[in-house]
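Visitor: TrEMBL feature annotations, pasted as is:
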type: TRANSMEM; residues: A:20-46; note: transmembrane segment
type: TRANSMEM; residues: A:58-81; note: transmembrane segment
type: TRANSMEM; residues: A:107-125; note: transmembrane segment
type: TRANSMEM; residues: A:131-154; note: transmembrane segment
type: TRANSMEM; residues: A:166-186; note: transmembrane segment
type: TRANSMEM; residues: A:206-226; note: transmembrane segment
Amino acid sequence: MISKTSFKADFKMVVRDPILILFFILPIFIPILIKIALNFVVPLIFRYTGVNLIEYYGYVLMVSILITPLMLGTVSAFLLIDERDSRIQELIKITPVGYFGYISNRLLLPFIGSIMYTILTYLLLDIYNLEFVQLILIAILIGIEGIQIAYLLYNLATDKVQGLTYSKGFGVFTILALADIFNVKWFRIVGGLTPFYWITKLIIDFSLSTVMLAIIIHIIYLIFIFRHK
Amino acid sequence: MRILNALKSDVKFQFKQGFYFVYIILTLLYMIVIGQIPNKFINYVVPIVIFTDPSFIGFFFIGGIVMLEKIQGVLQYLVITPLSPKEYLISKTISLTILAELAGFAITLVTYKDSFNWIILFLGILLTSIFYTLYGFIVASGCNTINQYFVKMIPYLLILIIPLLVYFSFPNITVLKAMPPVSGFNLIYGAFNGIKLIEALGYIAYMSVINFFTLLIVENIFIKNIIKGGAL
């Protein structure tokens, strides 16, 4: 009950804060912009390089999907960092919501937002065919990645500047997700050790073993990130 | 001497915050990604990467640095130290430009095998980075949180990006060359693809003047907001 009230309060805070509203609306423009860009870029790349980007649409879908957890995770992490800096968290710790309730509510935002926008991005882009179960599983795992990014950034960064540094470094995740494209064996192995790589695998090569590995890797990272604090 | 000490402490701070570490990782990544691109396109890709990443470092980080120092009270103490606002701004700008130069040259050296003009590249990164860092100070003014800074970044970035995109489509529109991002890009691009000496000198002189006036504007904003107790 307390948690529900607290979540309602958090939701109200998001609705009242124009900055947060903007961040939770912005991801809708990403697939639209990518769709428009693809119309220009695909023939251009083909004309100059002979590479047909259509063959790589699975990877394009992955990059488009990953933008949302990266964006919402970063925004939520900075919200948490700001509240830590302004010592709001110390007050919340002594309320009935408690620290765990507070963190859970904050992390619900990137989780729900990422799930929602993964499905929306898939539908709006409409460049690659996924089965319903495949899409739902990918959406849930992307939601978990939203939590992982937010909590990892929040815990790694001792202040705003470090937060910015790490968020810049988190761009690496997108490249790791595409590790299969690159003809570098060690890089593919490194990519395979991260959850982001397995979303690409789920898109390109949906099989029982891929599903199992993707779920296991996501759970391991989730446990590791929350225990690491 | 004062400014040298400030510069030393800024570089130390950035090192401790992991700026240099992140760019070592990013350089490695660029090496892998650019390594996949056919050789005939490298001289287009490398200048674009240098212009959009290392030269942009200052713009990305300065908001966080200013906001952190504001929370820590550093900016308020600045009034009672001998360090002038101009020296403070120069120190921050130069320290981030040192990082931009190191990252820019590291990426170039690991990805570009042909010869390039070192001096033009150095000046291109220098002048572009100074401009973007000072521009970042303007964006950071009035922001209280990083999320606010991110949102404010969008229109300010569009002001810089749109002329550049128009220039890529219509390179014959001469007036676009007077836009600082276009001038900066042409210098960096020229370091890899050749540029006439007179044209390079023109861009260098023009960017230097623009940077000087931007510094004066930023100094005014800074004094107004900090010394007079506004909301930087």
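Any Cβ shown, glycine's included, is placed from N, Cα and C.
Unlike curated entries, TrEMBL annotations are predicted automatically.
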Visitor: Quickly jot the same-chain residues contacting the transmembrane segment (A:20-46) by Cβ under 8 Å, restricted to those at least six beyond its ends, or write none.
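Guide: For the transmembrane segment (A:20-46), the nonlocal Cβ contacts are 13-14, 52-54, 60, 64, 67-68, 71-72, 75, 79, 109, 113, 117, 120-121, 124-127.
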Visitor: State, in range form, which of A:58-81, A:107-125, A:166-186, A:206-226 has the highest count of Cβ pairs under 8 Å to the transmembrane segment (A:131-154).
Guide: A:58-81
Visitor: So which residues does the transmembrane segment (A:206-226) touch in its own chain, when a touch means Cβ under 8 Å and the partner is 6 or more beyond its ends?
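Guide: Residues packing against the transmembrane segment (A:206-226) from afar: 130-131, 134, 137, 141, 144-145, 147-148, 151-152, 155, 193-195, 198-199.
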Visitor: What residues in the same chain, six or more past the boundaries of the transmembrane segment (A:107-125), come closer than 8 Å to it by Cβ-Cβ distance?
Guide: 7, 10, 14, 24, 27-28, 30-32, 34-35, 60-61, 64-65, 68-69, 72-73, 75-76, 135, 138-140, 142-147, 149-151
